[in-house]
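Among the features that Swiss-Prot reports, domain 'EF-hand 1' is placed at 8-43. Residues or ranges marked as Ca(2+) 1 binding site by Swiss-Prot on the basis of sequence analysis: D21, D23, N25, S27, E32. Residues or ranges marked as domain 'EF-hand 2' by Swiss-Prot: 44-79. Positions annotated as Ca(2+) 2 binding site by Swiss-Prot, on the basis of sequence analysis: D57, D59, N61, Q63, E68. Per Swiss-Prot, the feature domain 'EF-hand 3' maps to 81-116. Feature annotation from Swiss-Prot assigns phosphoserine to S82, S102. The Ca(2+) 3 binding site annotation in Swiss-Prot covers D94, N96, D98, E105. According to Swiss-Prot, the domain 'EF-hand 4' annotation covers 117-147, on the basis of a curator's inference.
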Amino acid sequence: MSSNLTEEQIAEFKEAFALFDKDNNGSISSSELATVMRSLGLSPSEAEVNDLMNEIDVDGNHQIEFSEFLALMSRQLKSNDSEQELLEAFKVFDKNGDGLISAAELKHVLTSIGEKLTDAEVDDMLREVSDGSGEINIQQFAALLSK
C-alpha cells in the first residue's frame, strides 16, 4: 500500500511516528494520531481522525502500528495529489480565467471527469456551495468534492 511513497517520505513518517511512540513498542495510541498527522503538515478534523482510526486500526487494538500509519499517509498523500489535479482541471475549464465556474462550465467539468450527473444534481451541487451567484470558485468546488 505504501509503494507510492519515496524512501525520504517513509523516513520522515518514521521519525514523526517515533516521536509519539513513547515506549518504543512500534505503535501509537489513537488519541495521538491527529498530533502526528499535524506534525506532518496535515490538518484533520476530529471526525476525520475518528473515521481514519476506524479504517486503519485493522486489528482493533486502539493502537496504530507503523505499517497502518504508512498505509494511512500513503492514502492521504494520494488524496492531496488528487485534489491538486482537480484544481488544475478546474482551471482548464475556467474559460475566462476569473476563478469561477458557471453552471454550464460545471456541467462540462463533471461530464469531462466521468460523472454522469443530471441538470438537477448539478443545480443541487451549486446550491450547496454557491453564494447564490450561480457560480462557484475553485476552493468551493474542491471543498464540495472532498466531502
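In case you wondered, yes, glycine gets a Cβ from its N, Cα and C as well.
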N25, S27, S102 as recorded positions, winner by CB count within 10 A: S27
Tertiary contacts of the domain 'EF-hand 4' (117-147), as residues 6+ beyond its ends and Cβ separation under 8 Å: 83, 86-87, 90-91, 94, 99-103, 106-107, 110-111
For S102 (phosphoserine), the one of N25, N61, E68, D94, N96 that lies nearest, given that the binding-site residues are compared by Cα: D94
Largest tally of Cβ atoms lying within 10 Å of a Cβ, found at which of the binding-site residues N61, Q63, N96: Q63
Other same-chain residues whose Cβ falls within 8 Å of the Cβ centroid of D21, D23, N25, S27, E32, the recorded Ca(2+) 1 site, in sequence order: F20, K22, N24, G26, I28, S29, Q63
Residues in the domain 'EF-hand 1' (8-43) grouped by DSSP into helix, strand and remaining coil: 23 helix, 3 strand, 10 coil
Chain-internal residues near E68 (Ca(2+) 2 binding site), provided their CB is under 8 angstroms and they sit 6+ positions away: I56, D57, V58
For D21 (Ca(2+) 1 binding site), nearby residues of its own chain (Cβ under 8 Å, 6 or more apart in sequence): S27, I28
D23 (Ca(2+) 1 binding site) to Q63 (Ca(2+) 2 binding site) - Cα separation in whole Å: 13
Which of D23, D59, the listed binding-site residues, has fewest other Cβ atoms within 10 Å: D23
Secondary structure at E105 (Ca(2+) 3 binding site), reduced by DSSP to three states: helix
